[in-house]
Amino acid sequence: MNAAEQVGSKRNAGYRAADMVEDGMIVGLGTGSTVFFAMERLGERIAGEGLSIAGIPTSYQAALRARQYGIPITSLDEHPEIDIAIDGADQVDPDLNLIKGRGAALLREKCVCDATRRMLIVVDQTKMVDTLSAPVPVEVLPFASASVSRRLTLLDGRPVLREGIKKDGPVITDNGNFILDCDFGAIADPRHLEAEVASIPGALECGLFTAYGEKIVVIVGEEKGCRIVSLR
Ligand SMILES: O=C(CO)[C@H](O)[C@H](O)COP(=O)(O)O
């Protein structure tokens with residue numbers, strides 16, 4: 001798939017997800033280039049049809065984009081239960097386990113995923129894999145980055161501190177933390193690995209999402225249209 005085809009696929013996935021949003025819904029807004037298309041379409045529907053929704057952004061990036069598209073913003077404080085969320089992913093396996101976090105927004109994204117009744121994951125087909133194997137982003141408390149790194153190594157991971165672009169030194173997340181991108185190779189048991197990482201003090205969250213397959217609907221954008229994948 002060339003770059004233009006990939007953008008078209010992302011647009012198809014994002015637009016389909018936005019068209020599944022109903023009037024009056026509270027909508028979790030993920031982070032990344034595919035969700036942008038969903039937000040663009042939500043903006044069109046708000047302006048064109050008078051769709052009435054409120055979005056909960058998972059990052060500064062999502063909040064800025066929501067404002068750009070005229071999507072009213074609310075918060076998880078006001079709505080601890082969410083109707084529907086739209087988010088991207090870096091990899092999706094057949095059991096709908098995910099790796100997320102290329103955009104370093106995984107901590108808030110997982111909070112929103114946990115709080116939502118229905119989770120729409122928008123991807124292009126390159127993200128669909130048989131076995132998760134991308135590096136797993138781990139958000140870490142800066143104080144504990146060396147000790148968390150050591151513990152990840154003991155889990156046979158190879159953690160690398162994510163460096164900023166147009167900024168010297170590490171990426172600082174929207175929550176003021178660091179990201180360790182941890183390569184575990186092919187992940188045979190993602191649920192077990194997620195639990196192992198979660199047990200490390202100072203590892204605040206990791207980009208493995210393995211507990212939500214039942215509520216996830218994956219919208220796989222293709223050059224012409226979309227394919228829907230769910231466990232139900
Ligand atoms: O998890 C994420 C951000 O933390 C993104 O949703 C994920 O990286 C996919 O991004 P894109 O749609 O740009 O490929």
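Numbering starts at 1 and runs along the chain as displayed.
A Cβ is built for glycine as well, from the same backbone N, Cα and C atoms used for every other residue.
Remember, TrEMBL labels are computer predictions, not curated facts.
According to TrEMBL, the feature active site, proton acceptor maps to GLU109. Feature annotation from TrEMBL assigns substrate binding site to THR31, GLY32, SER33, THR34, ASP87, GLY88, ALA89, ASP90, LYS100, GLY101, ARG102, GLY103, LYS127.
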Cβ-Cβ distance under 8 Å to SER33 (substrate binding site), same chain, at least six residues away: LYS10, GLY88
Rounded to the nearest Å - Cα separation of ALA89 (substrate binding site) and GLU109 (active site, proton acceptor): 10
For substrate: widest Cα to Cα gap among THR31, GLY32, SER33, THR34, ASP87, GLY88, ALA89, ASP90, LYS100, GLY101, ARG102, GLY103, LYS127 in Å: 16
Under 8 Å by Cβ from GLU109 (active site, proton acceptor), counting only residues of that chain that are 6 or more apart: GLY30, THR31, THR58, ASP87, LYS100, GLY101
Three-state secondary structure, which DSSP defines for ASP87 (substrate binding site): strand
Among THR31, SER33, LYS100, ARG102, LYS127, the binding-site residues whose C-beta sits under 6 Å from ligand 1: THR31, SER33, LYS100, ARG102
CB within-chain contacts under 8 A for LYS127 (substrate binding site), separation at least 6: ALA89, ASP90, GLN91, VAL92, VAL220
Non-site residues, in chain order, whose CB comes within 8 A of the mean position of the CB atoms of THR31, GLY32, SER33, THR34, ASP87, GLY88, ALA89, ASP90, LYS100, GLY101, ARG102, GLY103, LYS127 at substrate: GLY30, VAL35
Neighbour-count leader, CB within 10 A, binding-site residues: THR31, ASP87, ALA89, LYS100, ARG102: ASP87
Conformational class of ARG102 (substrate binding site) under the three-state DSSP mapping: coil
